[in-house]
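**Q** Let me give you the structure first, and then I'll get to my questions.
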Amino acid sequence: KNIYIYLHYRSKVWGHLEMSFVFERKTDKMEESKAMRKLRVCVATCNRADYSKLAPIMFGIKANPDEFELEVVVLGSHLIDDYGNTFRMIEQDDFDIGSKLHTIVRGEDEAAMVESVGLALVKLPDVLHRLRPDVLIVHGDRFDALALATAAALMNIRILHLEGGEVSGTIDDSIRHAISKLAHYHACCTRTAEQHLIAMCEDHTRILLAGCPSYDKLLAAHHRDDYMDIIRNWLGDNVKEHDYIVALQHPVTTDIKNSIKIYELMLDALISFNKRTLVLFPNIDAGSKEMVRVMRKKGVEQHPNFRAVKHVPFEQFIQLVCHAGAMIGNSSCGVREAGAFGTPVINLGSRQTGRETGENVLHVRDADTQNKIYHALELQFGKRYPCSKIYGDGNAVPRIMKFLQAIDLDEPLQKTFCFPPIREWDISQDIDHILETQSALAIDLGGTNLRVAIVSMRGKIVKKYSQANPKTYEARIELILKMCAEAVFDAVHLNCRILGVGVSTGGRVNPQEGVILHSTKLIQEWSSIDIRTPISDALHLPVWVDNDGNCAALAEKKFGHGKGVENFVTIITGTGIGGGIIQHNELIHGSTFCAAELGHIMVSLDGPECMCGSRGCIEAYASGMALQKEAKRLHDEELLEVEGMVDLKKAEFVSAIHLINAARLGNSKAGAVLRTGGMALGVGIVNILHVVNPSLVILSGVLATHYQAPVQQVIGQRALTSAQRIQVLTSDLEEPALLGAASMVLDYTTRRIY
């Protein structure tokens with residue numbers, strides 16, 4: 001019995017140990033299998049251009065056989081005789097092509113491109129099902145690449161997209177961004193492209209800033225001793241370095257007719273320029289057949305100065321571009337690879353609009369004449385520029401290899417997007433807000449002109465109207481209502497929804513009642529006027545009214561330098577001097593609505609007489625009227641004119657502009673007047689700083705740029721130490737009065753929390 005119990009116990013123990021050993025061996029084998037498993041990478045190439053970017057990666061994968069298994073799929077124009085049968089160069093590079101797919105439907109028009117995408121989608125599923133890659137590498141923005149990405153995404157194959165996030169012209173942008181949305185991983189070339197991908201809600205952890213893979217090859221190989229042999233092989237024995245042109249122009253699929261015209265003008269300019277030129281055939285996009293017809297009609301293939309070719313191996317093409325006198329056309333090679341050599345480039349048309357470029361690129365976007373292109377050739381040919389590495393530093397492939405190694409196949413296949421948070425109160429529930437642009441009607445009553453504008457929520461002046469300001473009250477009101485009615489009618493056709501009317505006017509205004517209390521002398525019959533009622537009754541819209549200086553401050557608060565600033569002062573320097581004060585994000589009006597009459601701050605007890613009846617005001621020294629008065633005095637004393645000025649005897653009247661020009665040309669008397677005006681304005685602003693202590697001063701109006709430096713200097717010399725570092729900026733707003741009038745409407749009518 002004891003022996004039985006012992007044997008039974010021993011058999012159970014050893015059985016357990018044996019099972020444990022078997023389980024551990026299985027676990028070790030699974031981990032070992034996972035560790036030893038190679039990443040199956042499929043590289044699909046569609047044309048000669050994308051192979052130049054993919055080949056370095058293919059060589060990198062092939063050089064690591066313990067970690068990767070490479071499959072190569074060739075399709076598109078690689079397999080077409082008219083485009084050089086470029087699949088042969090892949091075979092010459094000793095790559096085994098797993099599948100060749102004839103996917104191009106000939107016709108070279110828009111319909112043929114669509115049919116080619118459809119044909120590729122029909123053929124790709126069988127190939128991808130047979131190869132079963134872990135990752136498919138797709139390059140760029142070609143229609144063939146879109147078919148590849150679509151098929152792989154629908155078949156649950158991870159996609160690595162090269163050169164996503166870039167911006168160029170034509171349909172390529174849309175295709176490139178569509179591929180990026182289908183792709184699971186991204187290897188981009190520039191910091192800007194990386195930011196674009198992040199802005200497109202792509203996961204930043206799956207974005208690699210690698211640089212362009214072709215740079216790995218061209219930066220390492222462009223210093224070749226036999227480059228002259230390559231140049232002579234393609235262009236003839238008598239050609240010299242930097243004394244020939246490389247031309248490569250592709251059709252623009254969204255504007256085929258114009259791109260063919262540009263191509264014809266380019267060839268005419270090249271024929272006239274009379275330099276040896278290597279012309280490469282265009283790609284297979286819609287319009288290429290017509291471009292080839294144009295080339296043959298011009299006799300380019302028989303011309304002694306030209307050599308027309310369908311394909312040049314990339315290593316040799318590098319040498320040709322590197323040592324060319326110039327490159328011309330619209331190929332991405334011109335704005336990307338050529339910059340690495342400092343080769344001068346003339347970029348024609350819109351195909352590369354938005355691309356990051358070095359200083360070697362001269363854009364001729366509106367290439368509408370032969371002379372314009374010829375002149376660009378004269379400017380660029382033979383120059384050399386500093387080498388640019390915007391698109392890479394020659395180390396893209398090692399980075400991409402590490403990126404591929406880091407791919408975790410156990411991660412969920414479904415990609416996620418990183419959307420920015422949406423605040424609930426930013427969502428409009430009003431269908432009118434969705435279908436129309438919320439806008440304001442802005443009125444500016446100036447001393448000379450009466451202006452009305454439709455202004456959008458973003459501060460864009462959609463349409464502007466201007467008439468001379470009538471001299472009488474009745475005529476002025478009649479014109480205001482007529483111009484407003486015209487603007488309201490036009491707003492319907494401009495898809496703008498008018499929310500209200502804002503009025504900016506000179507003088508003292510009661511904004512609570514919409515009444516102009518006292519006007520400036522420049523606007524007659526404009527005191528004790530209820531401006532709100534007639535406009536509101538006629539247009540059936542709410543109306544806001546305020547002083548033009550206050551409106552300028554409101555414009556800066558909503559659209560200008562004052563945006564997000566809690567305390568600042570705006571000063572208008574024009575015919576008169578005015579302004580507005582923002583304190584704790586609110587506009588200060590004062591108990592009798594005369595706060596911020598900054599032009600009438602006294603800076604001298606016995607200074608010149610001001611239009612307000614007092615003496616020594618800022619306006620009496622620094623306004624346009626004050627400068628004009630001094631200019632006329634100097635002119636009458638024959639002290640204004642200096643060499644280089646227009647003959648003032650022929651001028652209709654002497655203005656402040658004449659004084660400024662005289663000072664600029666060295667007139668000491670005129671310079672003294674401007675310095676005095678700047679000093680007076682600066683002293684007045686120092687007083688403002690000591691009273692309300694703003695964090696920013698904004699100078700607006702036509703004289704702002706002339707006064708900025710002297711005002712900042714006076715502040716540095718005369719202000720208290722705590723106020724000396726307060727910054728003085730000039731306004732960037734072109735229409736502060738109109739924008740300020742509009743801001744009163746837009747801020748109130750769209751406010752959700754009162």
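Our numbering is plain: 1 for the first residue shown, then up by one each step along the chain.
Every residue gets a Cβ built from N, Cα and C, even glycine.
Remember, TrEMBL labels are computer predictions, not curated facts.
OK, TrEMBL features for this one:
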- 66-404: domain 'UDP-N-acetylglucosamine 2-epimerase' (DOMAIN)
- Asp548: active site (ACT_SITE)
- His600, Cys610, Cys612, Cys617: Zn(2+) binding site (BINDING)
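A description of the local structural setting of each listed feature is requested, covering burial, neighbours and distances.
**A** Long-range Cβ contacts of Asp548 (active site) within its own chain (separation 6+, distance under 8 Å): Asp444, Gly446, Ser504, Thr505, Gly506, Ile572, Gly578, Ala737, Gly740.
Same-chain residues at least 6 positions away in sequence with a Cβ under 8 Å from that of Cys610 (Zn(2+) binding site) are, in sequence order, His600, Gly616, Cys617, Glu619, Ala620.
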**Q** Which residues, in sequence order, are found in the same chain with Cβ within 8 Å of the centroid defined by the Cβ atoms of His600, Cys610, Cys612, Cys617 at the Zn(2+) site, excluding those residues themselves?
**A** Gly599, Met602, Met611, Gly613, Ser614, Ile618, Glu619, Ala620
**Q** Based on Cβ atoms within 10 Å, give me the single least packed residue among the binding-site residues Cys612, Cys617.
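**A** Selected from the binding-site residues Cys612, Cys617 on minimum Cβ neighbours within 10 Å: Cys612.
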**Q** If you draw a 10 Å sphere on the Cβ of His600 (Zn(2+) binding site), how many other Cβ atoms land inside?
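**A** So the number of other Cβ atoms within 10 Å of His600 (Zn(2+) binding site) is 20.
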